[in-house]
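Annotated transmembrane segment per TrEMBL: 27-48, 126-148, 154-172, in sequence order. Under the heading domain 'Phosphatidic acid phosphatase type 2/haloperoxidase', TrEMBL lists 54-169.
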Amino acid sequence: QATAMASLKAVSVTHVRYEVGDDIGHIMAWASLLPILISAGFISHFIFRRELLAMFFAAGLIMSEFCNEKIKEEVKQARPLTCELLEMCDSHGWPSSHSQYMSFFSTFISLSALFRWSFHGSLRRAMVVLLPWPFAVLTMYSRIYLGYHTVSQVFAGAGAGLVMGSLWYFVVYRLMVPLFPVIEETRIARAFYIKDSGHIQNVLKFEYENSRRARR
């Protein structure tokens with residue numbers, strides 16, 4: 001007697017398909033996973049560094065993803081016809097969450113490097129300002145190439161990420177950073193060694209010299 005099998009659904013964030021034998025599609029599939037790799041980096045950064053700025057940066061990305069889901073539920077725009085082959089027709093496509101994530105991430109990084117972070121020379125500053133954008137564009141293009149989104153859905157996500165990333169940059173640096181010394185003194189921050197190193201110009205050099213001094 002045959003038993004009924006429950007319908008299964010993959011986690012769409014990590015479930016990326018590409019055509020067999022398509023080498024470019026293979027690269028695009030990995031590019032589509034960049035938001036997951038960045039999120040894993042934030043988790044690692046919290047475990048080993050406990051920096052307040054990175055925590056608020058990550059909180060902004062989570063907020064952006066939540067807003068993306070709410071917008072999708074309201075707009076209810078279907079994905080491209082390729083969604084059947086990709087088993088993604090049960091989710092909405094406007095705006096693209098991957099594009100919004102990467103645009104938010106790149107915008108916050110670029111604004112921080114341009115106006116807040118210290119560098120030895122304008123060339124290094126320019127490199128950091130521009131660094132995240134090729135990866136953002138690659139991720140956005142991958143969503144179109146692989147058939148997960150239309151061009152308009154990707155542009156909508158990029159625009160939403162640009163706006164939210166800019167607004168969150170303002171919130172963090174104008175409203176939250178001045179409160180970091182107060183947050184550092186709270187019981188939970190002291191218990192988990194949560195700190196702000198933004199006042200230190202070269203954190204790597206500072207830690208290196210203090211480590212050697214402690215050994216002596």
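Glycine is no exception: its Cβ is also placed from the backbone N, Cα and C atoms.
Taking Cβ pairs closer than 8 Å, the transmembrane segment (154-172) reaches residues 53, 56-57, 60, 63-64, 67-68, 71, 94-108, 111-112, 136, 140-141, 143-144 in its own chain, all 6 or more past its ends. Across the domain 'Phosphatidic acid phosphatase type 2/haloperoxidase' (54-169), the model assigns an average pLDDT of 93.
Assigned with DSSP, the residues of the domain 'Phosphatidic acid phosphatase type 2/haloperoxidase' (54-169) fall into helix, strand and coil as follows: 87 helix, 0 strand, 29 coil.
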